[in-house]
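Copied from Swiss-Prot, the annotated features are:
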type     : residues : note
COMPBIAS : 1-11     : compositional bias 'Polar residues'
COMPBIAS : 27-42    : compositional bias 'Low complexity'
COMPBIAS : 120-133  : compositional bias 'Basic and acidic residues'
COMPBIAS : 151-161  : compositional bias 'Low complexity'
COMPBIAS : 174-191  : compositional bias 'Basic and acidic residues'
COMPBIAS : 192-211  : compositional bias 'Low complexity'
COMPBIAS : 212-225  : compositional bias 'Basic residues'
COMPBIAS : 235-250  : compositional bias 'Basic residues'
DOMAIN   : 44-118   : domain 'H15'
REGION   : 1-53     : region 'Disordered'
REGION   : 101-250  : region 'Disordered'
Amino acid sequence: MSDSAVATSASPVIAQAASGEKKVSTKKAAATPKSKKSTAAPPSHPPTQQMVDASIKNLKERGGSSLLAIKKYIGATYKCDAQKLAPFIKKYLKNAVANGKLIQTKGKGASGSFKLSRSAKKDPKPKASAVEKKTKKVNASAARATKKKSSTSTTKKAAGAADKKLSKSAPTKKSVEKKRADKAKAKDAKKTGTIKAKPTTAKAKSSATKPKTPKPKTKSAKPKKVVSATTPKKTAVKKPKAKTASATKK
């Protein structure tokens, strides 16, 4: 009796374990199709926001682009079914008008014509990814480190060159000072020699100049030629002709 009771009590436990294994297997089977959905091919066209903005920008209509024109442009350029994307396009148009990105020139809702606002016409700069930012930071830090190393090396070189210049300039300064001292001594010696010699030369000059008496120089006055103011010209005197025949006839 006891053995039969143990067998009956153990049988429901085994049944529960088997049912638990079945549930786990069904959960795993249900999880597998999700992974298949995640591996689905990405869409061949860009998001609707980008397609609508590009279509309005490239159509360049003065009165604004209509919904039909936007659909035709999207279907022709991106080669996708514009009818399936129509609800997404309408939703974006309404939100863009509310946000101020698009201007509705005609109609109401999504059935009118639309133009890009001035802020939307400017091409937005693409945001840099986190990886690019990290690489830029790493490159900047590396560049700073190299700059610091180069600056320290240059400062060390400059300090060494300055020390060398100082060591070279020190003896030159001493030699210059010695030369200056020698020149000053020579100048002093010259000054003392000239002061002593000056009175002797002055005495010699005075003795030499005293006996000499300057002789008055007399220039012989040359007789000046007297030029007569009016020199009388010699007048030719006519001689009287000898009376010959007339005198004898009388």
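From the backbone N, Cα and C atoms, a Cβ is placed for every residue, glycine too.
Within the model, the domain 'H15' (44-118) shows a mean pLDDT value of 86, rounded to a whole number.
Mapped onto DSSP classes, the domain 'H15' (44-118) shows 43 helix, 11 strand, 21 coil.
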